[in-house]
Amino acid sequence: MDKIIIRGGRRLSGNVRVHGAKNAVLPIIAASILAEDGASTIHEVPGLDDVYAISEVIKALNVEITYDDQKEILLVNAQGLSAVEAPYEWVRKMRASFLVMGPLLARKGQAKIPLPGGCAIGSRGIDQHLKGFEAMGAKVEIGQGYIFASVAGRLKGTKIYLDLPSVGATENIMMAASMAEGMTVIENAAQEPEIVDLANYLNAMGARVRGAGTDTIRIEGVERMHGAVHSVIPDRIEAGTFMVAAAITRGDVTIENAIIDHLKPAVAKLREMGVEVEEVENGVRVCCENPLKTIDVKTLPHPGFPTDMQAQFMAMMLSVPGTSLITETVFENRFMHVDEFKRMGSVIKIEGRTSFVTGGTRLTGAKVKATDLRAGAALILAGLICEGETEITELHHIDRGYVRIVEKFKALGADIERHNTPVVQLVKDESESEAVVSSTEASLA
Ligand SMILES: CC(=O)N[C@H]1[C@@H](OP(=O)(O)OP(=O)(O)OC[C@H]2O[C@@H](n3ccc(=O)[nH]c3=O)[C@H](O)[C@@H]2O)O[C@H](CO)[C@@H](O)[C@@H]1O
Ligand SMILES: C=C(OP(=O)(O)O)C(=O)O
């Protein structure tokens, strides 16, 4: 079993550089299949498990894709796009694979995608995506675990009001509309920086998208799109995670490549606690020397406080004496880290969608598991201030969204290491009994 071991008590200092954003690169890779002419060159592509997963989905559509993990450059040539079915084994691993539906419908007039289903943090509906495609003239059928969408001729531009500003629905509809006939207007659109990054990429590919970053996006459809060169924006959630790491250890860390404008809600809340945050030439510096104050946080769609920073801020609250509150409004089940924090001795009470976090209590290292991606990051943060040793398992969640996280924390002075166990291989002998071939444990970091 892979695990991260942390011995708490070190103050972090130094510089760390954040990678390209997971939530920007996934729709950008999906959008690449819109290009009938030329190839795309995408820079600042993080070597994440999610990037590998969506690349496998694209490959199954007969798109050429190559990744240079040293240079972090991805080349996508979608001229040969021929298949329209996304493979179950990859969509099952990563919900964002559903983002190929919009581009497939626009370019091939049909798409067959396994239902992405719910996941640990909530039910995660796709009704707004489907509502958008139907409004544009697509016929959508659901059966045998698949969604099949098709349109005779081109999709038609129209006005679509989203019931909620869904990030994925805004992206999927934007991509579909880029090659639809006429003008599409998305109202109550999501406004996240990743939406703006996708719009910039689509425009570089020949699309005409205006208004991304506001709640109304206008897309005038074009007949053909081509490959483009693009650099993915820095990951604001990874940046926010390291900002909390600096604050929770009362350290002094410069997060290079972070864009402070993308981090406004997290910066505001850290400052409200008494943490010093300043914009520096190449990023953001966070230092913390004074006693901190409790805060209340409510997650909301951008520009509100991001749900993807909620667990990390709960870890932060554990370090501040008094009671802080977190209300989670975006996902209905995103407090699974609370039970893990409790193993460390924390005092947290959940009432409906609100957690009451009593900070300043003694925290001790424990065996805990990452229940989702950001919960995993939050456990590392809490481990940094626990007495003794914390052991975190279920690391596949963390690997979806953080590149070399252990090495980055180590470089800042954390006492942290990762132990990887080679996959235990089960083979069947002639009598059909299963035998364990390998289970040796190796230490990597
Ligand atoms: C790959 C990616 O970019 N993931 C991010 C994206 O996820 P994702 O795009 O899945 O998030 P959405 O904004 O779509 O979902 C937000 C809420 O809306 C609901 N909903 C959404 C669509 C729909 O058709 N119907 C519906 O009811 C969801 O169940 C959820 O409760 O935005 C989330 C909210 O900031 C982030 O936590 C994720 O990290
Ligand atoms: C919830 C997240 O991602 P995804 O939508 O890919 O599950 C996340 O990045 O925290």
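Using the three backbone atoms N, Cα and C, a Cβ is placed for every residue, glycine included.
Here CYS119 (active site, proton donor) comes close to ARG95, ASP372: these same-chain residues lie at least six apart in sequence, with C-beta atoms under 8 angstroms from its C-beta. The active site, proton donor annotation in TrEMBL covers CYS119.
LYS22 (phosphoenolpyruvate binding site) falls within a helix when secondary structure is assigned with DSSP. If you look up TrEMBL, you'll see LYS22, ASN23 marked as phosphoenolpyruvate binding site.
The UDP-N-acetyl-alpha-D-glucosamine binding site annotation in TrEMBL covers ARG95, ASP308, VAL330. Long-range Cβ neighbours of ASP308 (UDP-N-acetyl-alpha-D-glucosamine binding site) (same chain, at least 6 residues apart, Cβ-Cβ under 8 Å): ASN23, ILE237, ARG374. DSSP assigns ASP308 (UDP-N-acetyl-alpha-D-glucosamine binding site) to a helix.
Residues or ranges marked as 2-(S-cysteinyl)pyruvic acid O-phosphothioketal by TrEMBL: CYS119. Taken residue by residue with DSSP, CYS119 (active site, proton donor) is part of a strand.
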Among LYS22, ASN23, CYS119, please name the recorded positions whose Cβ is nearer than 6 Å to ligand 1.
ASN23
To the nearest Å, how far is the Cα of LYS22 (phosphoenolpyruvate binding site) from the Cα of VAL330 (UDP-N-acetyl-alpha-D-glucosamine binding site)?
19
With DSSP assignments reduced to helix, strand and coil, which class does VAL330 (UDP-N-acetyl-alpha-D-glucosamine binding site) get?
coil
With an 8 Å cut-off on Cβ-Cβ distance and a minimum sequence separation of at least 6, pull the same-chain contacts of VAL330 (UDP-N-acetyl-alpha-D-glucosamine binding site), or say none.
THR299, LEU300, PRO301, THR307
